[in-house]
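Here's what Swiss-Prot has on this protein:
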REGION    1-211  region 'DHBP synthase'
BINDING   Arg38, Glu39, Asp43, Arg150, Ile151, Gly152, His153, Thr154, Glu174  D-ribulose 5-phosphate binding site
BINDING   Glu39  Mg(2+) 1 binding site
BINDING   Glu39, His153  Mg(2+) 2 binding site
REGION    212-356  region 'GTP cyclohydrolase II-like'
Amino acid sequence: MNAILSDQKTFQAIIRVNQAIEDIRQGKMVVMVDDEDRENEGDLVYAASFSTPQKVNFMASHAKGLICVAISKKIANRLQLEPMVKKNDSSYETAFTITVDARTAATGISAGERDMTIKILADGGSHESELVRPGHIFPLIAKEGGALVRIGHTEGSVDLCRLAGQGDSAVICEIMKEDGTMARRPDLDIFCAKHELNIVYISDIVEYRMMNESLIRVIAESTTQFLGKDARRYDFVDHNDNHHIAYAFGNIKNRSAVKFHSIMPDNELLADTKKYNSLIQAIHYLQKSGGVLIFMDNGTQDMSKIREYGIGAQIIKHLGIENIELLSDSKNKEFVGISGFGLSVIKSTNVNETVA
């Protein structure tokens, strides 16, 4: 029965993505929704290559949120769009760049002038000198790998435009209700019916891409010992050539415990008594219950900085785990936006509260 339900869910997801691709290809707008465990919000989305003053005005009048343009890193580099801040500590680390206007614009705020700016961002032959900074359009840089890395509207909208053959820039705007609060699932259904728009979920796009793509590959597999415990070691490389290691302890089942940890030099780990003891505690628990310790090469020693676990989710999926007991060093660990990978967090456990 679960397999049938899963197949039906996948079928519906593919239908929604195919419809959204066709809408984007025709220059229409769609509503894109993220997971309930993330922002749980909907954005109006259309391909920047199809921008018009009328579309910008519709977003400003009916969606009411911040009008942004999601772009690839390649576009940002070509137009010399630097990050808005050096240290991004926003909730979901949304990658805003410095705001921009078209150089030929007057104030830059009208629908027509914002459309001028959007067209420059979408034009593959445009030059950074055509823009002035700051301005009234907010570019956002999508992570390389798209929604398979970060399950956000920025990545989902760029993925959708690419799938539709409309380049890698999308205009997006959050949808708010008349009272100024954010529109949620029931509100978005009403919004779509009123404006005759189709809806697509970012998890749908993840599922659609996962049918034919993977950003990870196994480069080695061996039986070994880790800190004195028998384990199966898996070495992975992702699309950015980052190296990740998974140690599987005990009997790995569909439902298993998972602990994420940053890759760090042995001397640093041993020098940090708190982290070392926490790791030992986690390994005891994983061996007893059956689970996986995943060392992520994420460029930071602070795992709390990882708000999206796209690569980690693919590693978990590769190991045959779908229902996760998430081990962490605190009660506030996030593992969001993973339903498109066919995963569910069924329990969160504080490592420090487990009994070795």
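Quick reminder: no glycine exception, Cβ is built from N, Cα and C everywhere.
Source: prediction; values computed, not measured.
Projection of Swiss-Prot feature records onto the structure.
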| residue | record | Cβ neighbours (10 Å) |
| --- | --- | --- |
| Asp43 | D-ribulose 5-phosphate binding site | 31 |
| Ile151 | D-ribulose 5-phosphate binding site | 29 |
| His153 | D-ribulose 5-phosphate binding site | 29 |
| Glu174 | D-ribulose 5-phosphate binding site | 19 |
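In the predicted model, the region 'GTP cyclohydrolase II-like' (212-356) shows an average pLDDT of 83. Helix, strand and coil counts from DSSP across the region 'GTP cyclohydrolase II-like' (212-356) read 41 helix, 57 strand, 47 coil.
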